[in-house]
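To keep things clear, I will list the structure first and then write my remarks on it.
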Amino acid sequence: MKSLPVYVSGIKVRNLKNVSIHFNSEEIVLLTGVSGSGKSSIAFDTLYAAGRKRYISTLPTFFATTITTLPNPKVEEIHGLSPTIAIKQNHFSHYSHATVGSTTELFSHLALLFTLEGQARDPKTKEVLDLYSKEKVLSTIMELSEGVQISILAPLLRKDIAAIHEYAQQGFTKVRCNGTIHPIYSFLTSGIPEDCSVDIVIDTLIKSENNIARLKVSLFTALEFGEGHCSVLSDEELMTFSTKQQIDDVTYTPLTQQLFSPHALESRCSLCQGSGIFISIDNPLLIDENLSIKENCCSFAGNCSSYLYHTIYQALADALNFNLETPWKDLSPEIQNIFLRGKNNLVLPVRLFDQTLGKKNLTYKVWRGVLNDIGDKVRYTTKPSRYLSKGMSAHSCSLCKGTGLGDYASVATWEGKTFTEFQQMSLNNWHVFFSKVKSPSLSIQEILQGLKQRLSFLIDLGLGYLTPNRALATLSGGEQERTAIAKHLGGELFGITYILDEPSIGLHPQDTEKLIGVIKKLRDQGNTVILVEHEERMISLADRIIDIGPGAGIFGGEVLFNGKPEDFLMNSSSLTAKYLRQELTIPIPESREAPTSWLLLTEATIHNLKNLSIRLPLARLIGVTGVSGSGKSSLINNTLVPAIESFLKQENPKNLHFEWGCIGRLIHITRDLPGRSQRSIPLTYIKAFDDIRELFASQPRSLRQGLTKAHFSFNQPQGACIQCQGLGTMTISDDDTPIPCSECQGKRYHSEVLEILYEGKNIADILDMTAYEAEKFFISHPKIHEKIHALCSLRLDYLPLGRPLSTLSGGEIQRLKLAHELLFASPKQTLYVLDEPTTGLHTHDIQALIEVLLSLTYLGHTVLVIEHNMHVVKVCDYVLELGPEGGDLGGYLLASCTPKDLIQLNTPTAKALAPYIEGSLDIPVVKSEPPSSPKSCDILIKDAYQNNLKHIDLALPRNSLIAIAGPGASGKHSLVFDILYASGNIAYAELFPPYIRQGLLKETPLPSVGEVKGLSPVISVRKCSSSNRSYHTIASALGLSNGLEKLFAILGEPFSPLTEEKLSKTTPQTIIDSLLKSYKDDYVTITSPIPLGSDLEIFLQEKQKEGFIKLYSEGNLYDLDERLPLNLIEPAIVIQHTKVSPKNSSSLLSAISVAFSLSSEIWIYISQKKQRKLSYSLGWKDKKGRLYPEITHQLLSSDHPEGRCLTCGGRGEILKISLEEHKEKIAHYTPLEFFSLFFPKSYMKPVQKLLKDENASQPLKLLTTKEFLNFCRGSSEFPGMNALLMEQLDTESDSPLIKPLLALTSCPACKGSGLNDYANYVRINNTSLLDIYQEDATFLESFLNTIGTDDTRSIIQDLMNRLTFISKVGLSYITLGQRQDTLSDGENYRLHLAKKISINLTNIVYLFEEPLSGLHPQDLPTIVQLLKELVANNNTVIATDRSCSLIPHADHAIFLGPGSGPQGGFLMDSDTEVCPSVDLHANVPQTEVCPKAPLSISKANHTRGSDRTLKVNLSIHHIQNLKVSAPLHALVAIGGVSGSGKTSLLLEGFKKQAELLIAKGTTTFSDLVVIDSHPIASSQRSDISTYFDIAPSLRAFYASLTQAKALNISSTMFSTNTKQGQCSDCQGLGYQWIDRAFYALEKRPCPTCSGFRIQPLAQEVLYEGKHFGELLHTPIETVALRFPFIKKIQKPLKALLDIGLGYLPIGQKLSSLSVSEKTALKTAYFLYQTPETPTLFLIDELFSSLDPIKKQHLPEKLRSLINSGHSVIYIDHDVKLLKSADYLIEIGPGSGKQGGKLLFSGSPKDIYASKDSLLKKYICNEELDS
């Protein structure tokens, strides 16, 4: 892979001051600088957010919407960035079921070793079983010498004559009988004697590299044929293999990888169901035996009253046949036990609500038992008590020894050890063990190499002491981050930008060098690594240093240096460089007198501690250090801290003693971060805000105006800005950066509060101050000053006092927490325990921390720190070191002395500490080595066997344009989408927590492939089927609507939909101004109405607690604590009763703000002679006082209830019945006949009254225009047929009679925008969203160039970028409000293309489905250029190419074949296929024919009906007065560029004219067939037999068989779609999706019906040895031969055979077919079953999805239709199909407004005479066959 520059400019995130950075891909970039300088803002808030959001936006909506919570970074331009992954501390906090072994794939590698070489054993006797897995058999055969001839044999299970005939029909030619090979035909008449030992020869081949795929296919066929048995003959040596063994009625099969996963269904422990934990009930009262499950008899079980648990429990009750309402004591012990502890392989079908689908969906849940579910949570948590009720206890499962594995897996061994024993070994011991393992097998060596590599990563990262079964949730933050790094290294993803957050945290200095090596490996895999680091040693790791500073917060945010590390050390003058050069150092304090008081801790044995006793000095700074895993946390956090807590509770722990001293208080400052929200600020955290608010409330003006302390809190409604609720910012949508509130300009408060000053500053000014400024400002207020000084003492002086805690870095949060504790220091001698307090701190900040910690010891307190940072260790008064290693080798006390004494010892810390004390610390050595190139830049696919693929291996070069060619159904789609796309999605999704990745994996089943390596994140661009077409507009599909809605929400000005006047804003201040103007000196009562539907008693109780005391109703006031009358009218909470006067304006403002905080509407009562009520709502109003809501993003979106049009529900279109438009269709009916057609049982009198009796009985065509309109539209006595039919449609939406009369028409209310009136009247520069949606992209670009503010710059920039890509794919002409489902195939595909490429990322693997098919030749260069640009931008493009048109432009081509279906799926040599070499810029293609056979076209006889034509004069959309005619009984082709109007001509022109002629009966054709381009819509249930209506005849035949009659089986019982016939467990699907929570879905054949879909009883009926389920698996060609006597099915079967689909099973699911196969099916259905009556076929781009082989015979077939008396008009872009027509119509010359004109009409051979034609240069000039 080549290294490319990455540019990021104009970064304004948080404190970054419009900075720009650059670096190269595949570099290690180290971001450094003082804490709070802006490093995390660049790394995480800019680079990570941008890379992640851009890639996620291309994923399916259900996944993308789950994880787009990151705000868009404020940045001007990003170029060259690849998809990003952030690895932070606590990286796996959401991975509830993960262990070290499962996450790093150690267990999956070990399971594979057990599968291939493990010894299966009998669980009872432990005796070895002689079994082979498929992989083991293959591995054994692969060890044979190259070039040896081998025969693969399978035992012959049946030897009778009928069986021999059947084998011969299947293509087998030889058998091996008693050691000798014989031709199979020699036994056709006699059969084979029973006493002969016979094998059938599956295949004979030479073992070579070229034959591996064939070898795999033949071997697996042999095992399937021999039901688990086969043999291999080579050089007269016979090797026999068996995959089954039966002992005591138990059949044992070979070991599989799934057996060694506690999450797999069959392999889990039968007692704990895979959790490894046994939960015992110690208190029997936890279960109330008198209650039922429905009544929640088990207090620890999920609540049955919830929908989720009730559904699951009901499914359990149905499966076990018991009632949920039965008391527990009356349930059988077996059911009780299953409820509590589950049952093996118990899978429940449940219908749960699926949020991604928006409906209930059938899924299958494994029932493990409620106790085992609890055990599962306990197994993976650090706080088991959270899940254990009192009276319950958790123990390791006695049956599986805590592994969760079943007994068969538990006793299996490999290299003398069980899987359980491996799980309990440390990673160091694993490494020692596996380094000794030798294997002659190449495949085993490869697995061992991968496993050893992962172990090396983990050990190099200092994690060797961990055991692989350690739950990730129990690891420290640093351990989790380093485990994540190892996981990513093992995953071998390419092209990722990894962003690491201080990976050296928690790492001892001796392990840092190993960490450096591991991170370099991550880079050398082809990734970019961004490090946020402070560790000096990490400087030697970086390829580039970016130093941010110079200070922190507002004093930072600038790029001080960007370049090579050596230049940084030599030339930079920043604090970081000075500390590295030791120009600045942290001094070691002078030695103190010997301590006089000590703390003694004895008998420390928890975890790996070796019975330690320690002695710690009091009133000193003590450092506890040691290598990772040595026992520091166990000693301090798990032993010392609990002992101190017990001592302070006066429980006198035996292991704690004091010598001449004591501890009176414990402060344990952990690394757990405090709650962070936008409403928490530093002032609130250190408790200084209360004092400041009291100070402002005590000012004279505050006292005069009645402003209290609450008014100065932005979290209280009294003073907070009503618009932003006190936040100071407004968020347009979740993924946008907040913008300053337009009402308070970011000040958080309303104006009256801001008028209160103290020393010239208001409360907002105080919040804007830094701690440095505030410390000086409040110098005269000791209480406030002391608290702010605590921040400054910890170098947080730069921090704005009002900055939300949610925006602080990790280092800032740690110091803020410490400042909080320092403020509340006690006179009691306190022990402060800190766990790595230097986390996130720069060396400069560490110095301040040390000063604070030492000051505490000078006050007599004791400070104990767990620390690896040598700057801290060197200044400690006393040091404890644990070691010497981690895990079992740790837990010893190596040193207990002063730092100076420590460096005299030979310990790991002593070696690291010595240079710091002696002042001999060297500047890190910088090795300017270029990154080593990855070993392989290829995407490697091994053993791909999805669908038709024949276990192929291949390598695809990265950063190339790759074409995958081959016939239809040869495996192209399976390879590109089912394997590459699925593998890439799963690999990328697995880098996220399970709660996120679960959504994507739901839609991504595990691919059938051995291994895929070298993938980058993938993006697919597929053809959309009709069922997947969106009703959204172009603007919505491309993300333009979202940006425009945000833009109008910020800049839009509302106008009245009624008067079009500009609206004025209603705010609390405008309400007060109105009151002062109209009711000055009157008294008012300000109230908040009680919400309708509220429980009045409960509501009032809550309000009483909040301090409200009065209720208002009908002019009366009531105390809330008194008895209230019933049936109160308009009750409202009283906020305030006051006089309207300027003096009271602030109290009025406060009261109104409080009222609005309680409800969206407030009522103000004016106390006059006649009391008057005023109602107000915030928002906008017109001059007459009509109220309108606030302008929000939701209000401007048709996807939200607030914004959508009520008439059309936001769709922009309505269904309409207008009989006036269909008069010709219904002209022959009388009014009474037409009425009774829809309402046969209704009363006819209204129709007769409406029309004269004689007219009601006449045909509609004889009515006058007025009478016909009355009949359609109605009168006062009769609503009209239009209205009646619309009412009928509401109750019978699928009525076949009404559907032809329906038409979609633009909604008159919203004019097609989908927005309500108000939203359509929000304008910018007098332009509304409706105006924009009615224009094209060019108009929008011009509009955007006229507007813009600082707040909207990023939105406008994003919109302009999207418009650029719309232009690139040639769609600028399309109206933005046009619906997506109205686009042509080519337009729709380019729409998806524009969306996917607009992310502008690098290192993506783009997967395209036929990018050049269905395009006009003129558009081909545009798309090819786009694909090449993607490659030039360092991406990989892989595209299927059935037409071979991309191959000439590809860098690499793969050919699959040689045939379709079972005959395809092999990897072919490139020289076996001849493909066209197309010059996209030449007049004539260089090679015209692919495949080789030339098209043979016989011209139709034009004399018959040659004078009959179909004429149209069309005006619609951009087409005006287009006059064109098409001859009938001829092949008529329509060509033209996309968007020129071809489909409009076909459907709005020729189709409607044909319907009119048919209605009049004045045409030579009597039927009309319209065929669109969409592949046939498919569901999980539809198959070929149902689509062609073959299944009913076959079902009827089976039902007529004697056996069916004897069993009383009707034809419906052979249907997979009826309850009587379908298998009840899989609902007739033949398979089950096993929901494995956050693992990819597993598809398994249904065990009940064995995948045959029909119920077992129906499988008893056989015909020629096959039941109906087996018949559905039979190829079409075989069905045609077997059932020639069923006449009804011969026509569809012949059509399928003629088009070349005979290889497909008759019951093949339509959803499983390739696009080419689906199109071929549709073609066969409509065109190969010739209708009996003369028919006009209108075909809209159907043929573009056919492969060349099927397309070769298409002109001949179309010609046969013409010769049979039919007419064909088709749209296509294929030049060969266009020139094969009798008559060609070309529309153009451009798209949209530039199209719609007739360029040519006539014979294709005359096109060269045309001056206007664009097609003529593509059509061959040779003479067409006559």
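Cβ coordinates come from backbone N, Cα and C, glycine included.
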Matching range for Swiss-Prot feature annotation, zinc finger, among 813-839, 1299-1325, 1623-1649, 1758-1784: 1623-1649
Of 121-144, 553-576, 721-744, the range Swiss-Prot labels zinc finger: 721-744
Lowest local Cβ density among G36, G626, G1536, G1541, which the record lists as binding-site residues, within 10 Å: G1541
Secondary-structure category, per DSSP, in which G626 (ATP 2 binding site) falls: strand
DSSP-derived structure type at S40 (ATP 1 binding site), helix or strand or else coil: helix
Candidate nearest S1540 (ATP 4 binding site) in space, where candidates are the binding-site residues S35, S630, K632 and distance is Cα-Cα: S35
G33 (ATP 1 binding site), number of other Cβ atoms within 10 Å: 29
Mean per-residue pLDDT computed across the zinc finger (721-744): 77
Spatial separation of G38 (ATP 1 binding site) from G631 (ATP 2 binding site) - C-alpha basis, Å: 35
Three-state secondary structure, which DSSP defines for G1539 (ATP 4 binding site): coil
Inter-residue C-alpha distance, G626 (ATP 2 binding site) and G1536 (ATP 4 binding site) (nearest angstrom): 76
Largest tally of Cβ atoms lying within 10 Å of a Cβ, found at which of the binding-site residues S1538, T1543: S1538
Candidate binding-site residues K39, S628, S630, pick with smallest Cα gap to G1541 (ATP 4 binding site): K39
For S35 (ATP 1 binding site), the three-state class that DSSP assigns: coil
Cβ atoms near S1540 (ATP 4 binding site) (within 10 Å, other residues, all chains): 29
Reduced DSSP assignment, G631 (ATP 2 binding site): coil
Shell list (ATP 4; ref centroid = CB of G1536, V1537, S1538, G1539, S1540, G1541, K1542, T1543; cutoff 8 A): S1384, H1416, I1787, G1788, S1791, G1795
When distances run from the Cα of S630 (ATP 2 binding site) to each of the binding-site residues K39, G1536, S1538, the nearest one: K39
For V34 (ATP 1 binding site), nearby residues of its own chain (Cβ under 8 Å, 6 or more apart in sequence): G549, P550, G551, A552, G556, L575, T576, R795, H842, H844, D845
